[in-house]
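Worksheet for the structure shown next.
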Amino acid sequence: MKQSDLHDLLIKDFDYYKEGKNAQYIPALSQVDPKQLGIALYNLQANELQTCGIPEKSANVRFAIESISKVPVLLLAINDNGLDGVFSHVDAEPTGFSFNSLLNMQIEQRKYPLNPFVNQGAIVVNSLLKGKNSDERFARILDFMKEIFNDNDITLNEEVYHSESKTGDINRSIAYYMKGNGIWNGDVEDVLDSYFKQCSVNVNAIDLANLGALLANGGVAPWNGKRIVSEESATIVKSLMLTAGLYDESGDFSMRVGVPTKSGVGGGLMSAVPGKYGIGIFSPAIDKPGNSVAGMKLLHDVVQELNIDIFA
Ligand code: DON
């Protein structure tokens, strides 16, 4: 896309941040400047990365990955255990409930968490990783993230981690509920520690575009031709992103935008358009379900401009 056309779309959508609010339940996220909108587009056909931001360097700004971490951790768990080894512990059903809901399991008396992207499922998936404790699992997560984001500089944001851990009572309830009801049999505090850490890794929009491009490219990193995950896992993860990537806004988003996408409450969006594009977006103000407001508007407009809605 012409750089000036992309910039025009950012100008058009920038002010939508006013309709959202930074995540308030994690104090370290509430303090991030909401007036930022950055995008990175990885064009697979041209093998080219394009960035744009208001302020200019917003695509390089580091922010907490939050729930987008559920994608790399799921991919690593599949690498460790195979597809059956993961999906014998977690279902793959969309949810009309919020990402940290307990109700869905209670109402339906489910045997397994609904899907790997709601917190129940993500906690179980983290516990499936090889590694005997939180430190070992998190060291493997960080190494894997460096590889799939093509970024050796990603680190744990200690402030966000302490914030997550201190205020993580709902996640504790979810984990103890699952344990108490025989849905899962892990070490609650140890697994929550690596879960809070996976959510607190700092990334930027370029990292997210790289992961999107790897998924769009069937699991092969387009920057060096190396296969990182199987074609089957890339396909499965994209379909889960479409049905559950934006929680209880996934259906509406798929209808309006039409590309597999995963969100995080840090304001990130990561999209994979099969065979065509990886897209990373950052804008910290989110709506009630937990998705970046200006980010979703920008994604919608970019998808329209490039004509890459997968259903169109
Ligand atoms: O578990 C939590 O509450 C957060 N650390 C992650 C939630 C999240 O990003 C949901 N996303 N949109």
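Using N, Cα and C of the backbone, Cβ positions are placed for all residues, glycine too.
Quick caveat, the model's predicted, so the values are computed rather than measured.
Features reported for this protein in TrEMBL:
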type    : residues                                              : note
BINDING : Ser67, Asn119, Glu164, Asn171, Tyr195, Tyr247, Val265 : substrate binding site
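Cβ neighbours of Asn119 (substrate binding site) (same chain, under 8 Å, six or more residues apart in sequence): Phe99, Asn100, Ile170, Asn171, Ile174. The secondary structure of Val265 (substrate binding site), as reduced to three states from DSSP, is coil rather than helix or strand.
Taking a Cβ distance under 6 Å to any atom of ligand 1 as the criterion, the binding-site residues Ser67, Asn119, Glu164, Asn171, Tyr195, Val265 reduce to Ser67, Asn119, Glu164, Asn171, Val265. Pairwise Cα distances among Ser67, Asn119, Glu164, Asn171, Tyr195, Tyr247, Val265, which the record gives as the binders of substrate, peak at 19 Å. Residues near Val265 (substrate binding site) in space but far in sequence (CB under 8 A, at least 6 apart, same chain), listed by position: Ala23, Ile26, Leu29, Glu66, Ser67, Ile286, Gly290.
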